[in-house]
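Now, the feature entries from Swiss-Prot:
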ACT_SITE  265  active site, proton acceptor
BINDING   42, 43, 51, 111, 180, 190, 266  substrate binding site
SITE      112  site 'Transition state stabilizer'
């Protein structure tokens, strides 16, 4: 089998949805079978490939068609300023991409902002969703145990407002539990992505002013979600509080929670092997 790379899996599609008319979406795609769409987080320089390059191969080998989508205003997708909460607009983009690719139903895997996107999709388009896997998702309002916003979110907005290599390093240090995973290669790749799209950074801040994080809260509607859901969390997450995982398993009718020890906000990357086994086993269950 040919090695999967960002280059040989890179594709584009045009979508037309509310506030996303004639909009270009970039994605990486490989494999055949049931569609699994993976949705990245909201940090500066984020994208589908950088978020999920440790996951795409095992999911393809397990028999899935895997799509790593760049959300609107991120990486190679078109720039955008949003007047509504980002999770909802991103969910429309997922639906639009599925329409463009002829995908009737898909499983969703979402980390952080991508988790908020998946939750909104589950509420707005339930008939298009198979199963849902969430890793430290946003969009759940206040915490009972942690002051909000948490340390990582403060650094994220600082990096958007005043991009610097040192602030990026600080954010990644909070992002991950195991500091030995932080290499100059990792930092340099993320920094290059940040510098490549300055409009994305500006537009994220404008969008956040128009629809602040407080508007993202879908907690009151969790009971509407019928999809089987696997919720995962890093015990040491410093971006989104662990007690939000309990909100999800209490609110969603068919949800289970797995907590990774010695793990930060990027469970699918920091605990990739364990996450891949857990997630693929969950998708295979009937």
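Cβ coordinates are placed from backbone N, Cα and C, and glycine is handled just like the others.
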Quick one: what's DSSP say for residue 111 (substrate binding site), helix, strand or coil?
strand
Among 42, 43, 51, 111, 180, 190, 266, which the record lists as binding substrate, the farthest-apart pair of C-alpha atoms sits at a distance in angstrom of 23
Mind checking which of 190, 265 has the fewest other CB atoms within 10 A of its CB? They're the recorded positions.
190
Enumerate same-chain residues with a sequence separation of six or more from residue 112 (site 'Transition state stabilizer') and a Cβ-Cβ distance below 8 A; give 'none' if the list is empty.
40, 41, 42, 43, 135, 136, 137, 138, 239, 240, 265
If you count Cβ atoms within 10 Å of each one, which of the binding-site residues 42, 43 comes out on top?
43
By the DSSP assignment reduced to helix, strand and coil, which category contains residue 51 (substrate binding site)?
helix
Here the binding-site residues are 51, 111, 180; which one has the lowest number of other Cβ atoms no more than 10 Å from its Cβ?
180
Sequence-distant neighbours of residue 266 (substrate binding site) in its chain (C-beta under 8 A, six or more apart)
41, 51, 111, 135, 175, 176, 234
